[in-house]
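Take a look at the structure below.
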Amino acid sequence: MAGGFGIESGGVPKDYPGKVTTYVLITCIAAAMGGLIFGYDIGISGGVTSMAPFLKRFFPAVYRKEALDKSTNQYCKFDSFTLTMFTSSLYLAALVASLVASKVTRSLGRRWSMLLGGTIFLCGAIVNAAAQNIAMLIIGRTLLGIGVGFAIQSVPLYVSEMAPYKRRGSLNVLFQLSITVGILCANVVNYFTQKMANGEGWRVSLGGAAVPALIIGISAFFLPNTPNSILEKGNPTKAREMLRRIRGVSDHEVEAEFNDIVEASQASKAVKNPWGNLGKRKYRPHLIMSVLIPMFQQLTGINVVMFYAPVLFITIGFGNDASLMSALITGGVNVVATFISVYGTDKWGRRPLFLWGGGLMLIFQAAVASLIGWKFGTTGQANNLPGWYAIVVVVCICIFVSAYAFSWGPLGWLVPSEIFPLEIRSAAQSIVVCVNMLFTFLVAQIFLAMLCHLKFGLFIVFAFFVALMTAFIYVFVPETKNIPIEEMSQVWEEHWYWKKYVVINGPSSPEKV
């Protein structure tokens with residue numbers, strides 16, 4: 001399916017020989033561990049901001065409203081600018097850092113960006129664990145954000161370039177899987193640290209970010225550079241040997257793929273200003289995808305559920321322990337459902353997973369809105385919520401999370417990382433990260449205020465965006481399954497809409513190099 005509306009591709013992609021060797025599997029898994037730092041942070045933030053000792057120390061106004069004022073509207077009890085700035089400052093820092101990471105990734109290679117990201121994230125974890133005031137918290141979060149910006153700019157590119165094209169989807173989904181594992185680990189840590197008698201459990205939770213930081217930092221130190229990155233630094237002999245090693249075939253068998261990478265590298269070197277090149281007509285599809293896919297990924301409302309899960313469950317009537325346990329359950333569902341994508345991305349394709357996931361998210365986002373609206377209405381007041389009601393809410397949220405976990409979660413990172421030609425790849429991936437972090441920041445910053453003002457209608461807003469993005473996938477996003485990364489231009493040439501941008505005077509594309 002190269003085009004929208006299920007149109008089959010008429011082109012025949014090149015068939016590069018190669019297999020999933022032990023070497024490439026280990027390198028891809030090690031690189032994908034970069035997702036741990038992002039996932040751990042998403043999971044840890046909501047749990048910490050629901051801990052009474054943390055709120056009492058840093059956000060006393062929120063603590064008084066949540067713990068002492070029982071008459072407060074449930075929708076509005078966590079509405080605090082400084083509290084949301086604590087959560088969202090990381091994503092603003094990641095946005096800015098990803099722009100710098102683009103230059104590092106292109107000039108020094110993908111692994112150096114990962115190494116730098118892990119090191120800076122480690123510094124942020126130490127500052128947060130030792131925080132004495134809000135200023136230290138924000139500084140620590142900013143350092144964490146810089147680390148995240150470097151890691152998520154480089155990891156998807158690294159895995160896409162190392163993986164054989166027929167298994168690129170499954171191996172790249174390991175990045176999203178590590179994000180979900182990071183979220184689950186954070187939920188487990190929060191569940192136990194909030195029980196610490198000395199009230200300092202939040203320090204353990206925030207300081208625990210040092211563990212995934214060390215994992216990605218140490219992994220990146222030992223990882224090899226990708227053949228594409230080695231070529232960009234002017235060492236074709238070493239690049240060819242690396243390609244032969246990761247494909248597990250003879251020198252002769254990698255010749256076709258190597259020649260295509262060489263041509264792409266030469267075209268990349270000829271481009272002195274990749275940022276300026278993104279504005280060219282032939283890159284219009286890539287630019288639009290690099291903006292809309294990460295934007296839509298955040299407008300699913302998933303990060304609202306993940307970083308505010310404990311707060312959200314408290315808001316709809318769960319106690320502290322129950323809310324953290326519910327967040328732990330959704331985190332586990334998130335991990336398990338991601339394996340559907342690991343299995344099915346290269347088997348069924350990207351578009352079917354996008355569409356199936358979008359349909360399920362739409363149904364259960366609307367169900368959550370209905371359930372909350374039914375019991376809390378517009379007043380935000382509800383008493384004696386029955387046990388079955390809590391179970392139904394958790395089940396609906398779990399199905400929503402699972403649908404995201406096998407669709408927009410992994411594919412929102414995978415598809416952009418595999419569609420860009422080498423000459424714009426680092427710059428375009430920076431746009432993906434920037435847009436992702438910008439909308440993550442905006443959603444995190446305004447969610448609690450929107451919940452206060454829109455009440456259960458907020459979930460209807462997210463449901464509307466899920467419907468819109470599902471329609472966008474159906475009409476405009478081509479299938480990229482089993483297409484070599486350096487031959488990806490064919491999907492745009494054959495697409496019913498995008499071909500008018502990339503095809504000039506016949507079937508050849510100016511994008512091919």
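Cβ atoms are placed via backbone N, Cα and C, with glycine included.
For reference, TrEMBL has these:
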TRANSMEM  20-40  transmembrane segment
DOMAIN    27-481  domain 'Major facilitator superfamily (MFS) profile'
TRANSMEM  81-100  transmembrane segment
TRANSMEM  112-131  transmembrane segment
TRANSMEM  137-159  transmembrane segment
TRANSMEM  171-192  transmembrane segment
TRANSMEM  204-223  transmembrane segment
TRANSMEM  287-316  transmembrane segment
TRANSMEM  322-342  transmembrane segment
TRANSMEM  354-376  transmembrane segment
TRANSMEM  388-415  transmembrane segment
TRANSMEM  427-450  transmembrane segment
TRANSMEM  456-477  transmembrane segment
CB contact flag for the transmembrane segment (171-192) and the transmembrane segment (81-100), at least three pairs under 8 A: no
Recorded stretch, among 20-40, 112-131, 137-159, maximising Cβ pairs under 8 Å relative to the transmembrane segment (204-223): 112-131
Proximity verdict for the transmembrane segment (354-376) and the transmembrane segment (20-40), three or more C-beta pairs under 8 Å: no
Long-range neighbours of the transmembrane segment (427-450), counting only residues six or more past its ends (CB under 8 A): 78-80, 83-85, 87-88, 91-92, 94-95, 98-99, 101-102, 105-106, 145, 148-149, 152-153, 156-157, 274-275, 277-278, 283, 286-287, 290-291, 293-295, 297-299, 301, 303-304, 307-308, 311, 412-413, 416-417, 420, 458, 461
The transmembrane segment (137-159) in contact with the transmembrane segment (20-40), cutoff 8 A, at least 3 CB pairs, sep 6+: yes
For the transmembrane segment (456-477), sequence-distant contacts whose Cβ falls under 8 Å of one of its Cβ atoms, 6 or more beyond its ends: 4-5, 288-289, 292-293, 296, 299-301, 304, 350-351, 354-355, 358-359, 361-362, 365-366, 368-370, 372-373, 376-377, 408, 415, 447, 450, 497-498
Overall pLDDT for the domain 'Major facilitator superfamily (MFS) profile' (27-481), taken as the rounded mean: 83
